[in-house]
Amino acid sequence: MEAVRFAVAVVLVFCYVTSSNAQMTSPPSGGAGGDAHSLPCIQKLMPCQPYLHLATPPPATCCMPLNEIVAKDATCLCAVFNNVDMLKSLNLTKENALDLPKACGAKADVSLCKTSAGTNSSSTPPATPKTPPASSTSTGTGSGSTGNAAPSTAKPTSSAPAINFGGLSFASAVVATLFF
């Protein structure tokens, strides 16, 4: 029984350390330009990270999600492309950030990103469907409600990783209570 308690304690400590490290690395990417809404799509691209600076062609595990994002999620593509801090953290520039899609045969149209003129504007398309309810609430300030819609859209998604890690901590506490 003592061995089981020790094993559970080790697992709980491991989960806590893992969630703490993930929380420490999450805010810089979310805080650098408000692109926290793009994190789910960034996570799909994690298999591509080793191939960012290699001449070796990336495998299908990298190219399939990358091609899907290029084809279907221009908002994510622009959020990454326009986030200079994120590119710097990966030792990329805007110019060589396009090398990976080319290696996968994807045609990334970054002219859409230039049209959106920045990371805050690139978050506007997802907020556009949510803007009419906000403007119907405050009819006199339609432009003010549009400005408020984008930050409110980014805040819930930026807190989503914290909720997930909070749930992990809560689950750890429940398991500890059951076994100890």
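Glycine too: its Cβ is placed from the backbone N, Cα and C atoms.
Of the cysteines listed (Cys15, Cys104, Cys113), Swiss-Prot assigns Cys104 as the disulfide partner of Cys63.
Disulfide pairing as given by Swiss-Prot: among Cys48, Cys76, Cys62 connects to Cys48.
Here the C-alpha separation of Cys41 (disulfide bond) and Cys63 (disulfide bond) works out to 13 Å. For the disulfide-bonded residues Cys62, Cys78, the greatest number of Cβ atoms within 10 Å around a candidate Cβ is found at Cys78. Under the three-state DSSP scheme, Cys48 (disulfide bond) falls in the helix class. Of all the recorded positions in the list Cys63, Asn91, Cys104, the shortest Cα-Cα distance to Cys48 (disulfide bond) is found for Cys63. Inclusion criterion for the recorded positions Cys76, Cys78, Asn91, Cys104, Cys113: a C-alpha placed within 10 angstroms of the C-alpha of Cys62 (disulfide bond); this criterion is met by Cys104.
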